[in-house]
Amino acid sequence: MSSTSNSPTHHTSTIGAIGAPSRRNTELALLVFAVVIPVFAYANVGLALSGEVPTGLLSYGLGLGLLAGVAHLGVRKFAPYADPLLLPLATLLNGLGLVCIWRLDQSKLLQSLPNFVTAAPRQLLYTALGIAMFVAVLFFLKDHRVLQRYTYISMFGALVLLILPLVPGLGADIYGAKIWIRVPGLGSLQPGEFAKIVLAVFFAGYLMVKRDALALASRRFMGLYLPRGRDLGPILVVWAMSILILVFETDLGTSLLFFGMFVIMLYVATERTSWIVFGLLMSAVGAVGVASFESHIQTRVHAWLDPMREYKLSQAGVQDGTLHSEQAMQALWAFGSGGTMGTGWGQGHSDLIKFAANSDFILATFGEELGLAGVMAILLIYGLIVERGVRTALAARDPFGKLLAIGLSGAFALQVFVVAGGVMGLIPLTGMTMPFVAYGGSSVLANWALIGILIRISDTARRPAPTPASNPDAEMTQVVRPS
Amino acid sequence: MNKPLRRIAIFCGLLVLALLIRDNWLQYAQADKLRTDPHNRRVTIERFANPRGDIIVDGNPITDSVKTEHGDFKYKRTYKNGPMWAPVTGYSSQAFDGSLLEKVEDGILTGNDDRLFFRKTLDMITGKPQMGGNVVSTLNGAAQKAAYEGLKRQGGKGAVVALEPSTGKILALASYPSYDPSSFAGNTSADGKAWNKLQKKNNPADPMLNRALRETYPPGSTFKVVTAAAALENGLYSTADQHTKSPLPWVMPGTSTQLKNEGPIPCKDASMRVALKVSCNTVFGKIGADLGNDKMLAEAKKFGFDSEQFTPVRSNASVFSDDMNTSQTALSSIGQFNTAATPLQMAMVASAVANDGKLMKPYMVDELQSSNVDPVAKTQPEELSRPLSPENAQILQSMMETVVKEGTGTKAQIAGAVVGGKTGTAQHGVANSANPYAWFISYAKLPDNSSPVAVAVVVEDENANRGDISGGGLAAPIAKDVMEAVIHSKK
């Protein structure tokens, strides 16, 4: 941080060069692809399922195009120097997700399930709301540093959001994880998705203030800088919070996500590797400790270690107090049956996953119908979003912006890893959703807001700096560094 | 602050890399294993996604496929004249897998067989649904009908196998009581009920047992044909009419037990021709004792005993034991003691005699075809062994023809053909208390000296009068009908 922002001879490295192009037209060209690809995919599903182009193709294409256009105009107006990749990548994922959800809506098997809803129109509505949220973020948040003022309000807000699912009468237990709330007339909400952003704001604000104390006051021991006892306070609090989430909401993913995000931000703020070591140790202790008595977590771990056994238990209808689910194995079969090239849109049988096929498990449908090639492409798109986020953090000129950008990007990466890893059997399953592609209003809204904040920070970062006033003292006041 | 940022970037990259590696592991390295996992429902969905190929008899399919109305299995199997053909086709069910030809030739019928690879690829490229190939059977519809109707008329349990002696083609393969494989081809609760009703524990008649291939019976007197063949082949006697110097009564060596004949028949010093005609236990028991276990076993094995046959549907191995003392060998040589044979086995015995001593490998699949009836594989007749020299075979033929002309098998006579045969009434159960099995094995010869058919019939009738059961009375008429059906269909 200190090396780039206050030395005028250095500023070409990561800050956009003076007079750099805004890249808005690049963004528009990419957006065209991001709209056209899902439209073709939509036509493809229709052709595969019923042999004809779906009747909704035109309205769907226009709808998605319109939403992308509005988002683009919003960026053009309110954040003209923003990163040109973020919006097209998010639009592409959202569009493909819509196609996949519509495709699963056509499944007779899913239609026969008791709580089936036609999800695609709702998801389109959520997408519209998400884009509205995105434009609103750009409109109201003219400078991301404003958020710094709300550091402690954010903390309070995040706590409320995290506790909401536990409030009796409001929270809902869906397949063992208590991460939902039911709002009468609105449906279900996953407050954790929003808490992710609010917590990032709080961590960024807090760490920006405390980072020097956390970084400098420490003792060296076995090559590590050990923090002082009282500086351990914040990390202990966040750790305890994660453990409480794990115990009361029984959701490994949310817990991992928040703690991981905090450790990442702490490390970036202090540049002390010891925090990472501490973080890993604490999360290991916490996870093992909780898993030793929480049966829901144990079930998830068993299903991860031996999905076939869980499948057989669920088929046999074994009632032993824990919920046996065939989903983990069904997801693996979906991936395996897709193979390298996939079956093609509409031709797989990922509906066998049944519950949550279009939300938590939606990646399995991509795996089966688009194959290894398709899933790798989607994972790389997520990777690109994260990469643009990290680049934004690098380019940001203020520590708060850096921390916020890396916090949001890191959380995004962790979420993708936790969900995709869970569905693919790399780690135990959790109750989180793939950003943008999975069905769910909270997820779509929160992630569009997240992209909005990243775009805002990148706009600030890439905006041409005012021409530096010629400083006659510059030559005389060189900073002498010990290194 | 940028150094840790770059490290976090690398960390995020590693997360994505881990996902990519895992995905490659799942969708490339493990893909085949997951895709073909029998628990993976896609395997069964795929299996029933297209109509199966057909099993064909006399140029017409005896199977068909219909679209199912519910569930994700699109097509189910139907059968024409299901109970009659069940011992040949077996079943192919959405819920209960498959059996017999349906199971053995499943690859061809579903189109998954590697031999259909070219066709499959072509269909895939042209976007046509994968079509199964056809299995052309060797069976003869008229003979099968005669066999099944004959058994049904008798009403008891039984089986019929008819072979073409010169090739080994299976012409008829009937078992009774039978079942309709259409009744449980689907995946509904009605199918489940139909299946349960047919299981042995719910249905003592065990209709799903393929008695022609999978049940062994004591062959009784029909086994004397094998014993006679052994006597001729080993030079014990060289003609049919040579006196055998058999005493009556005859006490089995090493025991004080007399071997009994059925009634006062002229068995003392009888020739083999007479002994076969009136079915002397003493004469053939003594031949067995004189030849000994090893020689009898060698001859029985040449006829196919003690080994399974793959037609390609597997048949159980018939039994002739290899560790018997002299008296046990004597009893075994008249088809008692441990000796047990499938109806297919006894048809092979008759067939080898009729084919001048050459035993052809029995088979029921003539040709495998792709969906557009291009031949994929054709079965060539194959010699299994030579249990008899041509001369000895002709001697044995003349003996068997005497049986039908003036012996116990007169009910199998056919106008315009020479029939050779042997009856059998096999006793079984504790102290021979159960109802005996009525056997008849025979072949027919046309005036041009060709032999179009050899047949074995077994009838077990728990309801019949004990006295009524005799190979000549119960089994021979069925054999006659089957042989006639074959002869007529040749014309």
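Placement of Cβ uses the backbone N, Cα and C atoms for every residue, glycine included.
Annotation comment: TrEMBL describes A:462-483 as region 'Disordered'.
Annotation source TrEMBL lists transmembrane segment at A:28-49 (among others). Beyond the transmembrane segment (A:28-49), the same-chain residues lying 6 or more positions past its ends with a Cβ under 8 Å from any Cβ of the stretch are 56-57, 60-61, 64-65, 68-69, 72, 84-85, 87-89, 91-92, 95-96, 98-99, 102-103, 106, 344-347.
Marked as transmembrane segment by TrEMBL: A:55-73 (among others).
Annotation comment: TrEMBL describes A:85-104 (among others) as transmembrane segment.
Summarising the annotation, TrEMBL assigns transmembrane segment to A:124-141 (among others).
Taken from TrEMBL, the feature transmembrane segment applies to A:153-172 (among others). Outside the transmembrane segment (A:153-172) by six or more residues, the chain places 147, 178-183, 188, 191-192, 194-195, 198-199, 201-202, 205-206, 241, 245, 248-249 with a CB less than 8 A from a CB of the stretch.
Tertiary proximity for the transmembrane segment (A:192-209) is limited to same-chain residues at least six positions away from its ends with a CB under 8 Å from its CB atoms, namely 147-148, 150-152, 154-155, 157-158, 161-162, 165, 179, 234, 251, 254, 257-258, 261-262, 265-266, 269-270, 399-400, 403-404, 407-408, 411, 415, 432, 442-443, 445-447, 449-450, 453. TrEMBL lists A:192-209 (among others) with the feature transmembrane segment.
Annotation source TrEMBL lists transmembrane segment at A:230-248 (among others).
Cβ atoms under 8 Å from those of the transmembrane segment (A:254-270) belong to residues 179, 192, 195-196, 199-200, 203-204, 207-208, 210-211, 214-215, 235, 238-239, 241-243, 245-246, 276, 278-280, 282-283, 286-287, 393, 399, 402-403, 406-407, 410-411, 414-415, 418, 430-432 of the same chain, restricted to positions at least 6 beyond its ends. The annotation transmembrane segment is assigned in TrEMBL to A:254-270 (among others).
Among the features that TrEMBL reports, transmembrane segment is placed at A:275-293 (among others). For the transmembrane segment (A:275-293), the residues of the chain that approach it from at least six positions outside its boundaries are 214, 224, 227, 235, 239, 242-243, 246-247, 252, 255-256, 259-260, 262-263, 266-267, 301, judged by C-beta separation under 8 angstroms.
Tertiary neighbourhood of the transmembrane segment (A:361-382): same-chain residues 89, 92-93, 96-97, 100-101, 103-104, 327, 330-331, 334-335, 337-350, 353, 412-413, 416, 419-420, 423-424, 433-435, 437-439, selected by CB-CB distance under 8 Å and a gap of 6+ residues from either end. Sequence annotations record features per position, and here TrEMBL assigns transmembrane segment to A:361-382 (among others).
What TrEMBL records for A:403-430 (among others) is transmembrane segment.
Summarising the annotation, TrEMBL assigns transmembrane segment to A:436-455 (among others).
Sequence-distant contacts of the transmembrane segment (A:436-455) (same chain, six or more residues past either end, CB-CB distance under 8 Å): 75, 79, 82-83, 86-87, 90, 93-94, 96-97, 100-101, 119, 122-123, 126-127, 129-131, 133-138, 141, 144, 187-191, 193-194, 196-197, 358-360, 362-363, 366, 378, 385, 388-389, 392, 404-405, 408-409, 412, 419. Within the chain carrying the transmembrane segment (A:403-430), a Cβ under 8 angstroms from the stretch's Cβ atoms is held by residues 144, 147, 177, 196-197, 200-201, 203-204, 207-208, 251-254, 256-257, 260-261, 264-265, 268-269, 297, 300-301, 303-304, 307, 327-328, 331-332, 335, 360-361, 363-364, 367, 379, 382, 385-386, 389-390, 392-393, 396, 438, 447, 450, 453-454, 457-458, all 6 or more beyond its ends.
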